[in-house]
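Trainee: Mind having a look at this structure? Questions to follow.
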């Protein structure tokens, strides 16, 4: 393909033919090779094959083992053959030596991982994968590494199998990413500079900087500088070719005099040195006298003579004055003790001056004589490095004990400065260092350990769990169940091992609380759930029936008074014992009492008298002796009772009337008998057969068929003993207070430390008549009188226990830095046990506070500067050769002493000021000794004050001094102005809000409880609060100032509302429903309805019903007694004979009776109820048809009950019932069968029974409980095999197993509301100044919500803005241009100032310069650097030099990313230096431009894209732009660069035609192209647009206007710029052509035709009219009701 693409014309064709021939040849050779292989493979081959190596075997670990493998001969097709078929010489070995690995080798061998190699593109490994033409995100690659098993100790390689035994071999390859090459990105060029020369040939340049370095093999950075020549004009005269160049200042040297003195003293002995010093001193004094004499003679002015006379007078002062002056000087020297740290020696330094040609070569100095030579010397301070002393010994370790937690102390050592650096000497090293330490030596005690302690838990409170609408809030007495209790946690010093038991809660043993910060562990919980046992109410059974009249005491029957008693039992174990139960016995006085009586068990069969077969007879009673409680006793006890007599009866003869047995006595009509009421009982019997005429016993009349007797004849006066509550337990002094005595005194009581003594309790017992009140005690049975006194246990007294007072809190500081607020210190003690049972009360005072002692002012430090010394000049011997120099005047250097002072003016060590007083003042400064011709002026005065703001001016002045007043040159006010004027400041301020509104904050101390109750969960803050917005104040120059300038306190306040939480509101519980079953186990239900959903963080609703989301159910099982409602049948009515034999009164007949459903009671059925309450299947018959026996017929009793079917039910089993003959038949007749049988059929008359267990009920709590421990129940149900529930007795009679637990405890989760701590104090402002400062306060979750408790608020922190304060800071000005004083080029200085700036701290505000006084409180640092540098050396290039610019600022940090996704190669930033030159001929001598990069953090992602400008003719601008809007060079892919030039061939010369970007002629906007047949533009025609007139148009004609959006050209057809019509409707003049009108007319005619035909086809033919018939029905009009079916 490459060959074909490079060969043009015929070359391409011949190459294609050769390629075809080559492929044919390959195909031929391939077929030949296949044929050859086929021939060769016809002969079978045999090869050796091997299996895997087996396990290494050996007697010892390590080398020397052996392993084997299987070797066999196989055919090439895979089947095994004999060994002889394979070449024996090629047989592989089946055994080899190996290394036997043991477990302990794991410590000796390990994998050694090599470094990853360079990332290699996948395309290089896979030759078939082409590399992408355009790199987008990078190229996938693979990198490898070497991995081998080595011996750990010496790194010797070992077999990989050893390491693989323990761990698989790590991977050898991994995927990697080769990032796309990143070209260097540079900024736009700066504007061209001015010409480097004012005349002649010069240079202009423009610069750019590097924004992103080349990465990953990207193209290098282009030139950062562009030059072009310039020539402003011809130079007049000869152009200067030479320039003076100054070199750098040399090393500071001592003056020759000092040097000679120092050198001489070093060689001369001490005595000679002393003599020499005396001689020099005499010479100096003589020299001074000569100089003073000369000066005296030279003095001309009167003022100098006056000063000289003053000095002479001073010399003549008295001795006392001289002594005072001497002491003052001594004191000053002592105050200037800092002088010993600075050995300031003023020396001099020189520099070299050369003359250079503009070509860069050095010339003779004479070539630069036309220029003034600069000064080559200056005074300086001889450089000395910092000198420090040796380190002091380490201080004692700050920790004096052994810390069990391993924490260490600190120890420090220091060194002193002996010589501070001067003259640019080396700075001082660190003067203090510290290190962690532990105390050394023996007998070091362990450190004090602090532990958390807690008070006892408070009483359990249930009220805090009540919801808002709980009705129990109004009456909280008796609440029980789950609750919450709290305690206080405090920190104490843990007791030492030698101390006694301090854990007990004794007053003297309680530990002193300390600061909580000393305890390191997690503090104990301060809240926990608790449980108050709910009182178990006493449950009693129903009253039993009234017993017989019995003696009060059967042992004493002397009195004739007796009582009838009824009793009830206690059904449970009530709280507090049975003493709180209601009375269990009621008594009624009666007459003729007896303790024992005969009970008639039954009457025997009727035996006729005189051994007859029928007729009158007697029934003997069967009796048993019973006591008053109905219990069977010995018959001898009833010897005094009246034995029941035999009862008269009659055995009916065949002709006698037959009566049924008497029914049972009915219930007594009244429970007692009185004046107006008497109890009656009835019983009845019926006629079963009539007598036979005259021969038999006649049937009685109807009145004889019923009997009535009196019952409950006792009076209606019921008495019982009523007990009052037990009184207070009073100590019984007769019983000793020992535990054993307690156990004896109160039987059944376990020994408990909580009880200390035995007491007695009494209660009131009275006799009460029901419904009347108290009566005399004799009315009640004395034997049943409850006890009035009982022993009791007295609980031990428990005193209040408090901790000792804590130590006084330390005063906030030992000194006051300002402010008059008195500091306070406090101490507290904590109640750890509340008093109980009459113990000692707690003290009232638990917190004490007192003022701190008056503290002194904090000992601050400050630098004190002393007077400047005289100005020292460079020695005259050095200066005398310099032109214009004078011996006594010129520039010099002066020094001063600096000392350290306390703020109270006392002296202090210099080290204190170095540490606390900020930077040290300057020690030296340049000075000028004025020469005679110099002008001398005073310093500027302060500006005068302004009378008012914004009015007038203010001035400052200075004056000439000395002879300068007389010199004319000094009177030139332009050179030496004596006054300056400026306008008075005009301060105008305006305030405006800034920032967001704060959170809504309640006023301090405002906590609203819900519903007026301050209980748990109700301490939510809600109600009206305020939110704040900061105010900012600006002056007239829009500079930030203090808010007080705007008369503002810094905030805008606005009222706001914090909504109070509202809990879920449910209705009260409904009444329990009736049990779902009338027999057996069912369920009963009660419910609550949702009244209001929670909002604003209130308690959530409990789980609602899944069907109806607005209801809460509670379901419990219930048991209905199957015998509580019974059918009661009245006696059968008289027979109604249907076929009456008037003679015999017998035959077929009907009997009826009433059957009623009645409620069953202890005494029997009582009140009738609705029939549906009784089981309809068990309802007795209300009518029966039968045959009334005729005389002499056999009369049988009614059928008895059916016998039970044997279980299990079986069709082979039967049941039967029987009847007995009451009247024997005559001899001619027989009795029918007296038994009846039927087959036992399952679920018909035979049933199986089984227990069924109900589901557990919901957890049931006491009505006084909210949550906590409750109980759940379930019940047994006896179920018949036909699924009908029956009485439990059916299952119990069968002895079925009951293996289920009917009751179980359960827990209802307590709805614990979230508990939050109080708000903390407001924090410090997050910013010390600026607009963004915030104050925060926080609270924490003390108790998370549980169950349906109120959830925690999401607002755990609040903020409000800080008052806005201006941000003041010191900033540098820009460096001044480099200036080499006195020369055109060379070494010079540049300067900058440090000024005070104000900003808003946002970083977006550049800041404004303000008075330096506003930064007076700030340490003079710039960007954290305390070393202020206001001048530095620099180089001014000479005209013949080419040099590098200063480094640019570091570029913004930039990430390597694509489309905003970080590629993971880090961030980088770059800076660069460009090349500058001033002479064109020196460009070849320029150095290389430089750039350097460094990694950075928090880089930004930038995208680059091409931007284009509008076409101007055939060209347009194309540039690359970064995503932040910066125009750059590089960064955009060159393959996607848009074209910047376009041209069409042939040229587009048609009107309104343009050359498109595709190089094809097109039309301007609003015009369409008309093309020739060969695709060339013929003309540009206006596109017609139909304009529809609107109501506001005055003209309604159709206009043809230019289109606003003409059809854009498409690239569908080559050679055409866009789509055009084949038939053009417009002519060359823009009007419609004639054929267009014809087409329109034809279309209109066709439309009219289609409409007409459609009308005719759809029109229905007209029907003939008929006469309407009068009897025709009118249609029914139906009203539409909205139903869709209508």
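Cβ atoms are placed via backbone N, Cα and C, with glycine included.
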Trainee: Which of these ranges is annotated transmembrane segment in Swiss-Prot: 1636-1656, 1657-1677?
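Mentor: The listed stretch tagged transmembrane segment in Swiss-Prot is 1636-1656.
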Trainee: For residue 525 (N-linked glycosylation site), identify the closest of the glycosylation sites 701, 1212, 1252, 1303, judging by Cα separation.
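Mentor: Going through 701, 1212, 1252, 1303 one by one, the Cα closest to that of residue 525 (N-linked glycosylation site) is 1303.
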Trainee: Nearest of the glycosylation sites to residue 1212 (N-linked glycosylation site) by CA-CA distance, picking from 223, 701, 996, 1393, 1527?
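Mentor: So, of the listed glycosylation sites, the one sitting closest to residue 1212 (N-linked glycosylation site) is 701.
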Trainee: For the domain 'TSP type-1 10' (860-932), report the average pLDDT of the model, please.
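Mentor: Residues in the domain 'TSP type-1 10' (860-932) carry a mean pLDDT of 84 in this prediction.
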Trainee: Out of 223, 701, 996, 1252, 1527, which of the glycosylation sites is least crowded by other Cβ atoms within 10 Å?
Mentor: 701
Trainee: Cβ pairs under 8 Å only, please: of the recorded stretches 385-441, 860-932, 934-985, 1124-1191, 1248-1311, which one is richest in them relative to the domain 'TSP type-1 18' (1369-1439)?
Mentor: 860-932
Trainee: For the domain 'TSP type-1 10' (860-932), what does DSSP give as the number of helix, strand and coil residues?
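Mentor: Taking the domain 'TSP type-1 10' (860-932) as a whole: 11 helix, 30 strand, 32 coil.
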Trainee: Cα of residue 701 (N-linked glycosylation site) to Cα of residue 1303 (N-linked glycosylation site): how many Å, rounded?
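Mentor: Roughly 61 Å, rounded to the nearest whole number.
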Trainee: Which of 475, 1071, 1212, 1303 (the glycosylation sites) has the most other Cβ atoms within 10 Å?
Mentor: 1303
Trainee: Counting Cβ pairs under 8 Å to the domain 'TSP type-1 16' (1248-1311), which of 183-236, 385-441, 860-932, 934-985, 1063-1123 comes out on top?
Mentor: 1063-1123
Trainee: Count the CB pairs under 8 A between the domain 'TSP type-1 13' (1063-1123) and each of 183-236, 385-441, 860-932, 934-985, 1313-1368, then give me the winner.
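Mentor: Most Cβ pairs under 8 Å with the domain 'TSP type-1 13' (1063-1123) come from 1313-1368.
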Trainee: On the three-state reduction of DSSP, what should I expect for residue 1527 (N-linked glycosylation site)?
Mentor: strand
Trainee: For residue 1393 (N-linked glycosylation site), which residues of its chain lie six or more apart in sequence with Cβ-Cβ distance below 8 Å?
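Mentor: Expected: 1372, 1373, 1430.
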Trainee: Taking 10 A as the limit, how many CB atoms besides its own sit near the CB of residue 525 (N-linked glycosylation site)?
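Mentor: Counting Cβ neighbours of residue 525 (N-linked glycosylation site) within 10 Å gives 12.
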Trainee: Under DSSP, the domain 'TSP type-1 3' (183-236) has how many residues in helix, strand and coil?
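Mentor: Its residues divide into 0 helix, 19 strand, 35 coil.
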Trainee: Just give the helix, strand and coil counts over the domain 'TSP type-1 11' (934-985), going by DSSP.
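Mentor: For the domain 'TSP type-1 11' (934-985), the helix, strand and coil counts are 7 helix, 14 strand, 31 coil.
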Trainee: If you compare CA-to-CA distances from residue 223 (N-linked glycosylation site) to each of the glycosylation sites 475, 996, 1071, 1303, 1527, which comes out shortest?
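Mentor: With Cα distances computed to residue 223 (N-linked glycosylation site), the winner among 475, 996, 1071, 1303, 1527 is 1527.
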